[in-house]
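Noted in TrEMBL for the protein shown:
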type     : residues : note
TRANSMEM : 100-122  : transmembrane segment
DOMAIN   : 109-385  : domain 'ABC transmembrane type-1'
TRANSMEM : 134-156  : transmembrane segment
TRANSMEM : 216-238  : transmembrane segment
TRANSMEM : 244-261  : transmembrane segment
TRANSMEM : 328-347  : transmembrane segment
TRANSMEM : 367-390  : transmembrane segment
DOMAIN   : 416-649  : domain 'ABC transporter'
Amino acid sequence: MFPPQRGAHKWLKALRAFDGAQAGGNHREIATQVFGARILCEDRNGRSDFRRARVERSIKFARRMVMVATSNSSARGDTFAILLDLTKDMLGKALGIRTAVLVGGGIELVGVGLGVLGPYMLKVLVDVLTAGNASAITLVAYVGLFVVTWAGANILSTWRMVYSTRVIDSLSERYAAEVIRQSLPAAATARDADSGYTLGLVERLPYSLLVVIDGLIWRTVPLLLQVLGSLCVVIGLIPIHYSAILVAVFAGYVATTWIGANHHQARSMTANTAAGAVSQTAGDILRNARRVVLNGALEAEVVNIGHRFQERAAANAQMMGSLSLMALYQYGLVGTGLLALMGLGALDVMAHRMTVGDFVLLQGYAFRLVGPLSGLGFILSQAGLSIACIRDVKRLMQRLEPEVAPTEEPEGAAEITLTSVSFSYGPGLAGLTEITAHVSPGQFVVIVGPNGSGKSTLAQVIAGLLPPSSGSVRIGGQDVGRIRRSDRHRHILYVPQFIGFFNRSLAANALYPPTTQTEASLAQLLAEWHFYEPGRTVDFAAEVGEQGERLSGGQIQKLELARIAGVKSAAVILDESTSALDPISEAAVIARLRQQFGSRTTLILISHREHMAELADQVWFMKTGRLVGQGTHEILMRDSLTYQSLWRTQSA
């Protein structure tokens, strides 16, 4: 395996070669390197769908590695920026946690003061004992003061965690909500959205904030204050060369930590990306449990997720290797410093140049500082991953869509105009070519064509889910891309073929906003559409399971279309949203929707059934990404042999 910093060009070269082979359809194999494993990447004409899917995931992961490799040079700046951002968020007014930060900080400062005072009280106690002339009350008082300083510092440190936990919980809630707000629109439109990767970031976020805030920010600053306070006491009580040794040891520790942390940060970013790939792959497999099990691919997917864990293990091994090397330098230096301090101190005590109390003071401060410094080792082992996680979360939070002015409420059904609309998914990938069409307000349009002709792509472009590469789509006279996303459903509502339900009750899904339906109106409509067999009432409290697994495909579509019947939108696109219904049920559902919508909604349906085309005011006939025919079913049957062939082939 090559280090990400030095190997970025190799990743890029392999990926460019793969892209070239994929675009050109060549029958060659491209070898790329993912954590030392040689993965053979075949193009779409390869031998196995499963193998190709695994290769595509590996390539996707490799692309992330390229991003990590090429961004490592800015890791140091990212770290400071993240720490500064977190501090600003904690002290800002927006989250309402400034008081918790200040109170927690005050408690920590008092704890630091007691921590500095503790070894001094122990020195005084030892000096009094050595002198042998103190009363019992005096000795008890000094012992009590030492115990109070020692116990008080630890109690206050624990009490402070009450406030730091409150801060971390507030930040976690705010950041997670913002990530979801920014990621959902992209997940709803992008063909390669990584919901599993985003979920992994959100799951790791609370622990990452705990490490960075409670570990780095809230412990590093008190540690520095404690070091300064200890040095001041040492300088005032014992020879200066001991203070010089303490300063040299601490400075050396900071220097080795600084150098090692920069190296460690790069490894941590790679490990964080590998951890995200595990989350993405595991989520993908779990969401497609039926596909995996019913196709006998269970063992293959177990192997697949095993590969992801191996990649993460390799990344973690490199990360921990860099940390171990850093620890060797750190504690070698600290050990040498302690040897010098204790050795010189023992010699000075033997020569009566230092009291036993001074020696205890020196030993107390030395070991009191070594304890927190050793704790920093674990914090640093986690901090790299944690900062990388927070960095990725922050980047997702900043993925804002362009500001769009609020749009006026649509009045009545939408007029839809497409002018020279083209769209492409990429080199060699089918899209749309120069589509021009017009839909009058309130019309019922049916889009037909063979599989892969671009019907769903056209529907998503009209709905504003995919931006056209050229041309324009206007809804009610407005460019669909200029309609604010939060307002778009009132202008045009897109209903996909594969409808995913929440793992909630039937009522929660059927009454999901922005529908105006009630349970009573839904029950009437579902009874009319034979949602259940006659005589069985709809149990709206019943749970539907993940993605609606407890319902049939037809029931899912009926329930969703019953919800849509209560939505007020100027236009509705049904992208094969009736495909699971039998022809009689489909006709009944569409007839009722047209009646319900009336003249206030333009309705567009993608269908493979001729009887739907016969009912349409207008039929759009698609082929190879082009609109090759427009008109009524009768006109197209009369004028287009290709259109006739579509239905004859289907009938046959």
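Using N, Cα and C of the backbone, Cβ positions are placed for all residues, glycine too.
The stretch in 100-122, 216-238, 244-261, 328-347 that contributes the largest number of Cβ pairs under 8 Å to the transmembrane segment (134-156) is 100-122. Counting Cβ pairs under 8 Å to the transmembrane segment (244-261), the top-ranked stretch among 100-122, 216-238, 328-347 is 328-347. Looking only at the domain 'ABC transporter' (416-649), the predicted model's pLDDT averages out at 93. Long-range Cβ contacts of the transmembrane segment (100-122) within its own chain (Cβ-Cβ under 8 Å, at least 6 residues beyond either end) map to 90-91, 142, 145-146, 148-150, 152-154, 156-157, 159-160, 162-164, 166-167, 170, 218, 222, 225-226, 229-230, 233, 360-361, 364-365, 368.
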